[in-house]
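Please read the structure below before turning to the comments.
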Amino acid sequence: MRLRNKPWAKPLIEANPQFITTDPKKYRSAWQERFKKKAPLFVEIGTGKGQFIIEMAQEYPERNFIGIELQTSVAAVVLKKQLELKLNNLQLICANGSGVSEYFENGEVTGIYLNFSDPWPKKKQAKRRLTYPTFLEQYKMVLEEKGHLEFKTDNRGLFEYSLMSMNNFGMVFDKVSLDLHQSEEAEQNIMTEYEEKFSQRGQVIYKLEAHF
Ligand code: SAM
């Protein structure tokens with residue numbers, strides 16, 4: 001997702017440190033203090049405009065959520081929604097997910113969501129895929145022992161790559177769906193913006209759940 005540069009984005013982020021940070025290292029091992037109550041922590045990397053993480057926060061008030069988005073203009077769109085909703089179990093980070101082990105203490109996170117991550121299809125771009133081994137290493141560090149990773153995509157190439165990458169890393173698969181919307185999970189599935197767009201075009205959605 002690319003949005004045109006929004007001049008208001010950076011000032012809006014700077015004016016609302018209670019909901020969003022560009023310096024997540026500052027809160028390492030202290031994230032729970034940013035929420036109204038202590039609760040298991042779930043992190044989405046690459047929120048886009050935030051439909052998924054916002055609906056998750058509304059649906060599961062007994063959990064705390066953090067959305068990480070790299071692009072300032074996109075993170076500011078999520079922030080705008082949060083400024084209206086003021087969900088007390090949602091915090092935002094505007095930073096690169098590649099630093100996730102610097103943002104969270106070992107075992108601080110219960111679940112990680114990757115939704116419709118950029119596929120980076122060229123071989124030389126593989127290192128940027130959010131399921132590349134250097135990312136998996138970091139997820140392993142920050143996830144608690146029983147923590148898990150959920151990944152959805154419409155991109156078959158990225159899905160196959162991710163299955164192999166996680167399998168080679170020694171991860172254990174709890175669920176694999178080759179057509180999420182026709183599966184028994186469909187009813188409780190919370191859709192992302194990309195998921196709505198691609199499924200309306202008739203594309204199949206893949207999903208996996210795995211742990212280390
Ligand atoms: N998850 C949303 C959805 O399913 O509708 C957005 C999908 S969009 C294809 C991918 C998003 O991930 C973009 O907004 C992009 O800026 C963000 N992103 C890509 N790489 C990232 C990274 N390393 N750290 C944080 N965000 C990232």
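The backbone N, Cα and C atoms fix where each Cβ goes, glycine too.
Record check: TrEMBL places Lys122, Thr192, Glu193, Tyr194, Glu195 at the substrate site, and the matching candidate among Asp154, Asp174 is Asp154. Between the CA atoms of Glu193 (substrate binding site) and Asn96 (S-adenosyl-L-methionine binding site) there is a gap of 20 Å. Between the CA atoms of Glu44 (S-adenosyl-L-methionine binding site) and Lys122 (substrate binding site) there is a gap of 24 Å. Taking a Cβ distance under 6 Å to any atom of ligand 1 as the criterion, the binding-site residues Glu44, Lys122, Asp154 reduce to none.
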